[in-house]
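Okay, so here's the structure we're looking at.
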Amino acid sequence: MREAAAAGYRRPRAARRCWLREAAAGGRAGGEPPRAAARCPLPGAPCPAATTTCRRRHGAGGAGHPGGVRRVRLHRLRRVAHRAGRAPCHHAGAGGAAAQGMGLINHVFNADSLKKLYVSNLGIGHTRYSTSGISELQNCQPFVVETLHGKIAVAHNGELTNAVRLRRKLMRHGVGLSTSSDSELITQLLAFTPPLENDDTADWVARIKNLMNETPTSYSLLIMHKDIIYAVRDPYGNRPLCIGRLIPVGDMNGKGKDNSETEGWVVSSESCSFLSIGAEYYREVLPGEIVKISRYDVQTLDVVPRPEGDPSAFCIFEYVYFARPDSIFEGQMVYSVRRRCGQQLAIEAPVEADLVSTVPESATPAALGYAQKCGLPYVEVLCKNRYVGRTFIQPNMRLRQLGVAKKFGVLSDNFKGKRVVIIDDSIVRGNTISPIIKLLRESGAKEVHIRVASPPIRFPCYMGINIPTKEELIANRPEFHDLANYIGADSVVYLSVEGLVSSVQESIRARQENENSLKTQKSRVGKIGHCTACLTGEYPVELEW
């Protein structure tokens, strides 16, 4: 998800552009001939779910509902906006429309633009922040391409580890690519590669399997063709994807589990988006699974396996930072995992102090766990300006630094003259923590100790997180060897890699042991593992350049 730096600083706009145009997703018999280059539903736009050689991080989602999905899609995008603050899009099904724009979701999809969208029974949407390439509309999703078998729209979260080879393959066969995006590459590979040699049929499941066999990771995909959405996770399960069930209006207590009582289906990067649209968490898309989602049904079509013996490789940084605490991954709530990380951190790095607090908000569960384990009170010392976005996902350093300055206020009466332990979820570039310590000291803190509920991030991510260079990471800079003095703290200690992995896998392994004791059917997930490449430099697959 890495993106090349822009040639010069460009002032961001809340909504640089917004287009609307009809987009017949179904394709007619003898429809338009295939185009050489995939294109966004509008000329270059931000859309459903995506990833690219540019390196991006995204929130993706789709919906199928007999009564129309326009509002469902919009509310779902709002609920995953923490994953990507700008460039939202969605693409409707047969007879529908497409809308995209640069900026915040509420700015791009206002009341006027929504009125112009046709009511559709099917749709996919996407939010993104740039990770490679520039935050331009042309790199936004979903990507749409016309084929002999009708239009397909593709939304992608992740980054292909062998994109260079695949791009060359397409270009050798005369397929042009108009962007640097992995997502466009995936779209063209699906359109270009027939399920059998010299047999260019509309077997999209076979085409998807061909794609999965060509590239092992990293991707979660939403692929819309006519009245079907295919939800796909790579065999390693590196990026999240889950399914929700739209609850009938008369059954908002959620008791009805029969599919016959379901109003429709939604799919999203995170389950936190479901409740606000009247849906409930149904299940995850498994690693390697291809799921068919229609207006009325969810069906597993196939599961593409990993190489024998390889564990799954779900991104551990989702638990650390990116996901909302009320989301569910691998059968456990992110909040519970973060709290266990705090408890483990208290075991590994206790300190004499008067109170425990946090850098709001993603570190709050870890701080509560640390305080509980140490027997110290949890006290708020910072208040957050909720109208300032997450500094980590700002597209450049200048915006990140300005965001820190405007982000926090100090509750000095709560800690004057006291020894304070601040729990942070991660220290990536070191932009935020130093000015926070300065604020606390100037406001009367006697001591400030920093405890980080994750290990030092030392390596770039090549599978969808915006950690583009080693030089940006504070753990690789000379000052890291005297980090406490550099940031102005009395002490700094990180959670160990072993402690993080143990906290994440504790509940998963307990559940597996219980299933084994009950002699239930063998899990289709296979050997459990997590991607810790940004911490250890050990990538789950060989990287190709």
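Every residue, even glycine, has its Cβ placed from backbone N, Cα and C.
TrEMBL annotations: computationally assigned, not manually curated.
These come from TrEMBL:
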| type | residues | note |
| --- | --- | --- |
| BINDING | C315, C461, C531, C534 | [4Fe-4S] cluster binding site |
| BINDING | S362, D424, D425 | Mg(2+) binding site |
| DOMAIN | 54-296 | domain 'Glutamine amidotransferase type-2' |
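Location within the structure of each feature annotated in TrEMBL.
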residue	record	Cβ within 10 Å
C315	[4Fe-4S] cluster binding site	27
S362	Mg(2+) binding site	23
D424	Mg(2+) binding site	21
D425	Mg(2+) binding site	27
C461	[4Fe-4S] cluster binding site	23
C531	[4Fe-4S] cluster binding site	29
C534	[4Fe-4S] cluster binding site	26
DSSP-derived class (H/G/I helix, E/B strand, else coil) of C315 ([4Fe-4S] cluster binding site): strand
Collapsed DSSP category at C534 ([4Fe-4S] cluster binding site): helix
Binding-site residues near C534 ([4Fe-4S] cluster binding site), in sequence order, restricted to S362, D424, D425 and a 10 Å Cα cut-off: none
Additional residues surrounding Mg(2+), by Cβ distance to the S362, D424, D425 centre under 8 Å: V320, Y321, T358, V359, A363, A366, I423, S426, V452, A453, S454
Near-site residues: [4Fe-4S] cluster, ref C315, C461, C531, C534, CB cutoff 8 A to centroid: N238, I316, F317, M463, G464, I465, I467, T532, A533
DSSP state at D424 (Mg(2+) binding site), helix/strand/coil: strand
Averaged pLDDT score, the domain 'Glutamine amidotransferase type-2' (54-296): 76
Residue from C315, C461, C531 whose C-alpha is spatially nearest that of S362 (Mg(2+) binding site), among the binding-site residues: C315
Rounded inter-Cα distance in Å - C531 ([4Fe-4S] cluster binding site), D424 (Mg(2+) binding site): 21
